[in-house]
Amino acid sequence: MIDTVKRLLKNKIYMCNTLAAIFYMFGFMPFWMYTPKYIEVQYRVSAARASFFTGSVGLVFSAFGILISGFVITKFKPTARCLAMWNVFVSIIAVCATITYPFLGCNESDMQSRQMVLHKDEVQQACNLNCDCDFVKYSPVCSEDGQTTFISACHAGCRDFAMEDNKKIFTDCSCIPSPIGAAAFQLSEDSIEVSNFSVQDLASNNDSVLTTSTPSSFISNLPQFLGGRAFSGPCPVDCTAMFYSYIALVCLLKFTGASGRTSNFLVSVRCVSERDKATSLGFGMMLFSFFVFIPSPIIFGYIIDSTCVVWGKTCTRKGNCWLYEGESMRYIMNFTAAVFVAIGTLFDVGTWYYVKNLQIFEANRDENMGTKEERELINVQRADNGELAKPIKVADRADSE
């Protein structure tokens, strides 16, 4: 076993090809695991819709990529260098696409996230100060004017709710001005006109709104300008164009990536000798487990959590993340993934360089000469040097049996 592992480590084609696949999968592991959450955060779509596009549509394009690449390889029997060059091309497309992802964000969604954080931490703190919202579950509501999203009805200062057309409507929300409060009014007693004041000014005790000279009639009439309504769910944002652009790019990447993995597997099984094939597959899976399947979700999970701006709370510790900062998530997550895929591209180039003598489908005439034992000995020697591995012909196997 040790001797076999040593031969694999010295096999330049095998190691370059395996390392290329490791870095490629490391970079794309977060997209396979966290894409539904990513779509929910970036484009404000439901979990069901996000899962549909990432699960159904994405898998269809991956399946077509594998089938079409298998058909092309079987039909045209490309050389090892052609297969390796296709892997390089696929990796370059992957890097370019991953770098493009951060620029396919939705500005309206980003603004909504910043708005919710602002209303929680600064502007709206006074109007819900006595509501004890720290342990309230994340359940966003939208003000009746459709402009402001709050983390929950509690954060909007709502004191009651009503049912209208089987929809829950929160009422008497101290952080939301009522419709009459948005209009200008005339103070008849002192003939002082106050126009377009906002609850944010009231909550922050803005001196330009409330001063010691403010007439008593204004103060007495103040409650009628507060106590607006809110509707369940975040305020609607239009991210349709960016969302479908992102899905189109994902489908392209699923298709090309699946086709590249076919050629990668062919090179990996042809570049080792017959006696090392089983061990090479197991050794490769071990490397994937240690360097991809275990660390990648942990690292990218930490990156995603680092973009959380509002955490839930439990009695003893920090709870789940309620709200992510979409713009930071896009840039950090995608650029980090692009770095790993780019490193994998360099190893793909190395694979392309070393496979110049590798025969994938048939050997040349000189290599078919000699006895079966001589041909296998040549294959073993060249495979140990990372140069060539020609499988024993079916006829030879039959003769040996």
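Residue numbering: from 1, along the chain as shown.
Every residue, even glycine, has its Cβ placed from backbone N, Cα and C.
Remember, TrEMBL labels are computer predictions, not curated facts.
Record features, source TrEMBL:
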DOMAIN    121-177  domain 'Kazal-like'
TRANSMEM  12-32  transmembrane segment
TRANSMEM  52-73  transmembrane segment
TRANSMEM  85-104  transmembrane segment
TRANSMEM  241-260  transmembrane segment
TRANSMEM  281-304  transmembrane segment
TRANSMEM  332-355  transmembrane segment
Contact between the transmembrane segment (241-260) and the transmembrane segment (85-104) (3 or more Cβ pairs under 8 Å, separation 6+): yes
Averaged pLDDT score, the domain 'Kazal-like' (121-177): 80
Closest-packing stretch to the transmembrane segment (85-104), where packing means Cβ pairs under 8 Å, from 52-73, 281-304, 332-355: 332-355
Secondary structure composition of the domain 'Kazal-like' (121-177) [DSSP: H/G/I, E/B, coil]: 4 helix, 19 strand, 34 coil
Cβ-Cβ under 8 Å with the transmembrane segment (332-355): same-chain residues at least 6 beyond its ends: 12-13, 16-17, 19-24, 26-28, 30-31, 34, 38, 80-81, 83-85, 87-88, 91-92, 94-95, 98-99, 101-102, 267, 271, 300, 303-304, 306-307, 386
